Amino acid sequence: MIKWPWKAQEITQNEDWPWDDALAIPLLVNLTAQEQARLIALAERFLQQKRLVALQGFELDSLKSARIALIFCLPILELGIEWLDGFHEVLIYPAPFVVDDEWEDDIGLVHSQRVVQSGQSWQQGPIILNWLDILDSFDASGFNLIIHEVAHKLDMRNGDRASGIPFIPLRDVAGWEHDLHAAMNNIQDEIDLVGESAASIDAYAATDPAECFAVLSEYFFSAPELFAPRFPALWQRFCQFYRQDPSQRLRVSAAEGDYGEESEH
C-alpha cells in the first residue's frame, strides 16, 4: 500500500450512505429507478474496495464520498465493478495540484517543468483528483473529471498505456480507430476556425487518441446532445462499448417531462 508523507483523511467504512441525496445531481437525473438501484449497488462495492483519501486539509464526508463513488461507477454500470480493478486508492486534493513533469523531445533531450494538473491516473496506481473539478462534474455540461480519469483506466486495460482504443473485439479496432481519428480531425478543424475557447468540444480532445477517448467519454455521459449528432458513427461505437445510450435516456426523460406538463393542464 502506498504511504504518503503528508497528513491525510480517509473516509471510514460502514457509513450510512445518503444515496437519495447523492443521486440528486443533474448528471444522474435521467437514470431510471432500476439503473439508479444498480448504480448504488456498484457504488457500495466501490466504497468497500477503494480508499478515498483527502489531502492537504480537504475534508470528506458521507455525501461527498457517495457522489464520488456514483460517478466512478456510472461508466461501468453495464460493464461490472471488475472493470475498475487495478487501483485501490483515490487521492483527492482540495484544488488543482502541481506536479513535476518530464518528457523526452525528438532528439532525446529530457525536459522537466512544474505543471498544474486537475487529475492523474496510471495503469497501476491511484487515481488523483481535486475537489473543485469534482464539484464541476456534477452537472451536465460536458466536463467530468472523474469520468475522464475512469476512461483512461478503462483504456489502459487494453495494454500498457492508454491508446484511445479500449478493450473491444479485434474486428472492431480498425473502425474504432478510423472514427476516433476522424473526430479528432474534425475537432481540430473547428479549433483552427474559431479558437480553442469557442470550440463546442473541449480542445483537449484533439491532443491525441487517448485524450480524445477520455474527453468524448465525458461528453458521452454528461452532454450526449453535443456528441451524438456530431459524430454518429463514433457515438454508436461508444454505446456498444459502454453498453449504455445516454442520448436515449435524455429523449425519454424529455418526453416524460413533456407528458407531465400536458397532464397538468
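Placed from the backbone N, Cα and C atoms, the Cβ positions cover glycine too.
Here is what Swiss-Prot says about this protein:
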BINDING   HIS111, HIS148, HIS152, GLU211  Zn(2+) binding site
Those residues of the chain, 6+ apart, with a Cβ under 8 Å from that of GLU211 (Zn(2+) binding site): GLY164, TYR204, ALA205
For HIS152 (Zn(2+) binding site), the number of other Cβ atoms found within 10 Å of its own Cβ: 23
Other C-beta atoms that fall within 10 angstroms of the C-beta of HIS148 (Zn(2+) binding site): 24
